[in-house]
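Some notes on the structure that comes next.
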Amino acid sequence: MKKLGIIGGGQLGKMTILEARKMDIYTCVLTEEHPSPASEISNEYIIGSLHDEDKIREISEKCDVLTYEIEHINVEVLKELEAKGKKIFPSSRVIEIIQDKSKQKELLDEKNIPTSKWKKVTKDNLEELKKEFGFPVVQKSCKGGYDGRGVFILKDESDIEKMIQGDSFFEEFIECDKEIAVMVARNFNGDIATYPVVEMVFDDKTNICDTVVAPARITEDQCKEAKKLALQCVEALDGVGIFGVEMFLTKEGKILINEVAPRPHNSGHYTIEACKTSQYEQFIRAVLNYSLGNCDLLSPACMVNILGEDGYKGKVKVIGMDEMMSVDGAYLHLYGKKDTKPFRKMGHITVLSDSEEEACKLALKAREHLKIISE
């Protein structure tokens, strides 16, 4: 029996384990708390910080291959374990680049992969950068950002005093036609599988992904270009695993890389029902160096995130389940988180239909009924 170690106890780990069970793969999770979405269904779990060197060494001893479902982990101990021969995918080199968005940008520039203009911000060059970039301008933290955190849009001079503290960079504000994404899987043999291009719609208030539409409503040439750039990113990283490559499609029709995630991704949840091989099964195939599965889209689909309602914090209470279930073709995934807070990712709904428009209409209708509040 293959043994897979997963650093992180969240929903991405949970959905990976659900696929691992079908293949009779033994799973061990390092989780910061129990119960967590992944630890509740894993064969074994270890409780500890994702930065705790001893805990990461412990989980590595229990598995054939070690992977992770979140980037914010201790990379130095991964280097140590790799030096001793432990199989870790994606590698410590990949995660070290991904953890620091400025290093991602440097790699993209080095490989001549198109991305938006950027420059590191310091106290000494702030005035110069204000003149160079103008307003609005995007400020991004080099490390630690996720789900809208670590990104701040400075609309004018008055926003300077609200800037993110710590290492960061300015990025050109892009007038987007759409934000798009491509999931790419690559195994140790170098085999590659690419999923359809999807649209990502973000909530203006939270900057969290709200809706994913598959396939993206863009031209065939734009699809080809997006897939080509996504492949270039994964090859530049020499990555093994599955990668979510986020991009901007500008109003001029140009495609720019935004950032890369070295794990299953929100933009790939729809694949569970809508593709021949889900991103989670593909993730397992890639890190265990199995043959990769077919990524073909079975049907137009729409995925909507379910977030904790604003104004509620504490033990989870779900309302509107029966009404949501009345929507034809709606697939519900609740992650099993015990506590809610405003805008926390609590689940998602996917709808398959004959068209992208109808799928979106039904997915939004289903979500209108379902609310995550507190007891």
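The count begins at 1 with the first shown residue.
Even glycines carry a Cβ here, placed using N, Cα and C.
Because TrEMBL annotations are produced automatically, they should be read as predictions rather than curated entries.
The candidate list LYS101, LYS103, LYS224, LYS227 contains one residue that TrEMBL assigns to the ATP site with LYS140, GLU171, GLU172, PHE173, ILE174, GLU179, ASN258, GLU259, namely LYS101. Secondary structure from DSSP puts GLU179 (ATP binding site) in a beta strand.
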